[in-house]
Amino acid sequence: MEEKAKRITNGDGGNQKVAFYKLFTFADRYDIILMAVGTISAMANGLAQPIMSVLIGKIINVFGFSDHDHMVKEVSKVAVKFLYLAVYACVVSFLQVSCWMVTGERQSARIRGLYLKTILRQDIGFFDTETNTGEVIGRMSGDTILIQESMGEKVGKFIQLISTFFGGITVACIIGRRLTVALIPCIPLIVATGGAMALIMSKMAGRGQLAYAEAENVIEQAVGSIRTVVAFTGEKQATQKYEKKLEIAYKSMVQQGLFSGLGLGIMMVVSYCTYGIAIWYGAWLIMEKGYTGGQVMNVIFAILSGGMSLGQTLPSLNAFAAGQAAAYKMFETIRTKPKIDAYSMTGKVLDEIKGDIELKDIYFRYPARPDMQIFAGFSLVVPNGTTVALVGQSGSGKSTVISLIERFYDPESGEVLIDGIDLKKLQLRWIRSKIGLVSQEPILFATTIRENIVYGKEDASDEEIRTAVKLASATRFVDKLPQGLDTMVGDHGTQLSGGQKQRLAIARAILKNPKILLLDEATSALDAESERTVQDALVKLMSSRTTIVVAHRLTTIRTANMIAVVQQGKIIEKGTHEEMIQDPEGAYSQLVCLQEVSKKGGVEELELRENISVSHNQTDFGLPRPINLNQTKETHENKSSTENKASKKRKKVSLRRLAHLNKPEIPVLLAGSLAAAVHGIVYPVQGLLMSSTIKIFFEPSDQLRKDSHFWAIIFVLLGLTDLIVVPFQNYLFAIAGGRLIKRIRSLSFDKVIHQEISWFDNTANSSGVIGARLSTDAAAVKSIVGDALALIMQNIATVIAALIIAFAANWILAIVILLMTPIIVLQGYFQTKCITGFSANAKEKYEEASQVASDAVSSIRTVASFCAEDKVMDLYQQKCEAPKKQGVRLGLVSGSGYGISFLALYCINSLCFYVGSWLIQKRMATFGEFFQVFFALTMTALAVSQTSAMAPDRNKAKDSAASIFEILDSKPKIDSSSNKGTVLPIVHGHIEFQHVSFRYPTRPDIQIFSDLSLQENIGILREKIVGMSSE
């Protein structure tokens, strides 16, 4: 598959997109069959529309030429053909949508898995230079959706529309070649206008999405580092930065509304002008060339349906372009062959490893910092079974040694040798399985304590786990937790303190029982008492294996076989503690002296009772996110239950309160509503004009010549009306909607940034969740307020105008056809709903799977160190299985709905024509009245149903509104925006705790402080003690 990806993306990289047909490179045999059946069915479905125009032409001729006594009989013959067409369209529509949806789901899932597998196999340098966690997550959650949209039901819809176009042109040429030749030049104008609009719209949308992405980054940084933001009173600065990004997005949204309105208005005026030309020239052909009225209307319907179908391909084309661009990025990643391949099975596997380590004449620079030389000729020998400690100032290169031994990076020159063999020649997965790493930043997976520790050894027994916990000095705090080893550590390990997380990481390394142990500041997060206990355990553990310790506290490495002082990438001194401490001028002695001076300048360590604190909710900012590897059903159910309860607790929000958010834009909304109402009237008026046009085609030549000129001009005026009101409507509602989104986002972010810290300890208020709420919820509220108002005004005007026209023409016929319009409304609704938004739910369906992927990428070093790539992939595939099956089921259900919608439409048309002919035969209606009522009501019903189907989910929008107001209505217990309180003229810095009792809100069952009294000179400046972060 990697070779396939190479062939796909090789070529003109300037275009930065793959060829469309190469999107389907990863299709299997079953997918090929589905695509073949779906394509044939889409082509057949596309021909249904031209066939219907032929039948309508025959119906018009029957109504125009048949005498009343035989009308029902003649119409019945054509009506039966409508029933045949209904069954035909139902079957091919079902196959079209079902096949393309199912294959799109299957292929996109396959691409997702391949992309994640490729990401996990990349070397760490790739993440330093080529990408970052945010970009990878964006591609996993965004680009894969775009690819799925470009290879699913939109492909079938595109083929259907193209088939309709060519079928319409063919039918028109067969029935009326002269009129067809006259009307065809109008089609490129419609397509060109739509294409230009789509191009401009995509650029505007891209600009807006970029601004919103930058705004999301502001949220991620501010909320992710909320303690730092609050500590430096940076709330106002963060809010201002966020609002700047929102302003850019707002301007883009307004421009997008203006250009979309202009494009749609021009398309409408071109279409109506085409009607005018067809009526005028068609009348001439009837008078001079012997055309019939049905023939002319047949050509008009065929040409315009074909032209409009070509214009309707633009959403599909946009989806294809977006998918091709997204695929280029993803396939480029897939074809990237890492220098250090985590999945490679090549290399030597030794029967036994001794643990001798040698770094020989190493030259190294980090890929992300090529201008900074880290090592230049660095050498270090670590005999097996010995402990070597690396000390020195920060940035001297100590941790780089760890990274090179783990083979996160390869040196520019020189060798890293294990048992005398170059590390590059050893199988990577095997050698990493022999190395245990405990880093300064403990990464725990968002699962139970037991499952976190078991990552050191998959088949570990309960006894082995408890022994590892005991050796890591974690038994006491683990046993005091509510569920013991089965306690969930939470996202980012927020349920544990930094020291507790570190002890669990050490236990995981102990369980792995590695031959080589790498400790990178492994005890830095521990308090003095726990450090001594863990250090004793580590000394015992290190006695039988090769150990490299990177340490800041020099007291922890005095027993090392060798201590090396690293400075600016070079070892400037080495030896044992006793040897180097003899030289007072030596680098090591000076480091020891500095630490002793620092310690004496502080306070004496206190012997505190262990029960002072069991846990505290400390968040380590700037750390990668943990991997969500919890697979237990119980946890999933608890999570779902909690979310459901939270959702139920949210108060319902009244529409009035929602509208109040848009109150400053009331004048703009009223003007936009007026434009929407005028636009809504156009649909029934169009039906009235078409019925009048049909009627004049059967008039005498003199009257036909006169009336054709009049109605042609009326059609042009109707188009000019739309040209004015549609841009006006779109522009005004874009202003109102854009301001609303900006206002909601700004108010919500300002409220969030001023919440108390404990509010952020809740996983429901993480940076990712907050970012999603501000983006999706704000758009949803806009849709239910501003957008809904435009839709309501347009539909109300449409319905009222249609009823007036219909009942004024013939109230009996109006009632009969009105009884059938609900079915037409429903079929149009389901037809549009089924074909527009299948992929819209894909992001939600795959949210859990995407979370696994994003968490794995965020913690890529931990994944690599524990060789957990296969475990991540297995879990990811498990999480994808349910939504994949759901997508297949959705394809079948949607295909059924799409097919039934066509069945209903053609059956209703057949019934309407039959009932109309019966009423005309009984002298209860006239030929002109029938078409006047029929077109006014049916075109109105289709317009209302299709626009309603495009409307947002009202319930979902209300949930989003409740979510927004939950933030806006929240009252922080510690409000950093409040100006209340005493302001001291001078701060001396005296700090005192008086009888303080405290529990973390997220862990109310654990007492942190109980009646604690403390003054600044007995604990604040000393080395870390249990509960110090709470201070």
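Cβ atoms here come from the backbone N, Cα and C positions, even for glycine.
Predicted, not measured: the structure shown is a model, and the values here were computed from it.
Nonlocal intrachain contacts for the transmembrane segment (32-62), taken as residues 6+ away from its ends with a CB within less than 8 angstroms of a stretch CB, comprise 24, 71, 74-75, 78, 81-82, 85, 88-89, 92-96, 98-100, 102-103, 106, 155-157, 159-165, 167-168, 170-171, 175, 292-295, 297-298, 301-302, 305-306, 309, 694, 902, 906, 909, 913, 917, 931. Per TrEMBL, the feature transmembrane segment maps to 32-62 (among others).
Per TrEMBL, the feature domain 'ABC transmembrane type-1' maps to 36-322 (among others).
Look at TrEMBL and you will find 82-102 (among others) tagged as transmembrane segment.
What TrEMBL lists as transmembrane segment is 158-176 (among others).
According to TrEMBL, the feature transmembrane segment maps to 182-201 (among others).
Residues annotated as transmembrane segment in TrEMBL: 261-287 (among others).
Per TrEMBL, transmembrane segment is recorded for 299-321 (among others). Tertiary proximity for the transmembrane segment (299-321) is limited to same-chain residues at least six positions away from its ends with a CB under 8 Å from its CB atoms, namely 17, 20, 46, 49-50, 53-54, 56-57, 146, 149-150, 154-155, 157-158, 161-162, 164-169, 171-172, 175-176, 179-180, 183-184, 186-187, 190-191, 194-195, 197-198, 202, 267, 271, 274-275, 278-279, 282, 836.
Under the heading domain 'ABC transporter', TrEMBL lists 357-593.
The feature region 'Disordered' is assigned by TrEMBL to 632-653.
Taken from TrEMBL, the feature compositional bias 'Basic and acidic residues' applies to 633-646.
Summarising the annotation, TrEMBL assigns transmembrane segment to 666-689 (among others). Non-local neighbours of the transmembrane segment (666-689) in the same chain are 275, 711, 714-715, 718, 721-722, 725-726, 728-729, 732-733, 735-736, 786, 789-791, 793-798, 801-802, 805, 932, 934-940, 943; each lies 6+ residues outside the stretch with a CB under 8 Å from one of its CB atoms.
Summarising the annotation, TrEMBL assigns domain 'ABC transmembrane type-1' to 670-956 (among others).
Outside the transmembrane segment (709-733) by six or more residues, the chain places 254, 257-258, 260-262, 264-266, 268-273, 275-277, 279-280, 668-669, 671-672, 675-676, 678-679, 682, 685-686, 689, 692-693, 696, 786-787, 789-790 with a CB less than 8 A from a CB of the stretch. Summarising the annotation, TrEMBL assigns transmembrane segment to 709-733 (among others).
Long-range contacts of the transmembrane segment (796-820) within the same chain, counting only residues at least 6 positions beyond its ends with a Cβ under 8 Å from a Cβ of the stretch, are 676-681, 683-685, 687-688, 908, 911-912, 915-916, 919, 924-926, 929-930, 932-934, 936-938, 940, 943-944. Taken from TrEMBL, the feature transmembrane segment covers 796-820 (among others).
Residues or ranges marked as transmembrane segment by TrEMBL: 898-920 (among others).
Marked as transmembrane segment by TrEMBL: 927-945 (among others).
Tertiary neighbourhood of the transmembrane segment (261-287): same-chain residues 176, 178-179, 182-183, 186, 189-190, 193-194, 196-198, 200-201, 293, 296-297, 299-300, 303-304, 307-308, 311, 689, 693, 696-697, 701, 704-705, 707-709, 711-716, 718-720, 722-731, selected by CB-CB distance under 8 Å and a gap of 6+ residues from either end. Within its own chain, the transmembrane segment (82-102) has Cβ neighbours under 8 Å at 34-35, 37-38, 41-42, 44-45, 48, 51-52, 55, 152-153, 155-156, 159-160, 834-835, 838, 887-888, 890-892, 894-896, 898-907, 909-910, 913, counting only residues six or more beyond its boundaries. Note on the domain 'ABC transporter' (357-593): mean pLDDT across this stretch is 83.
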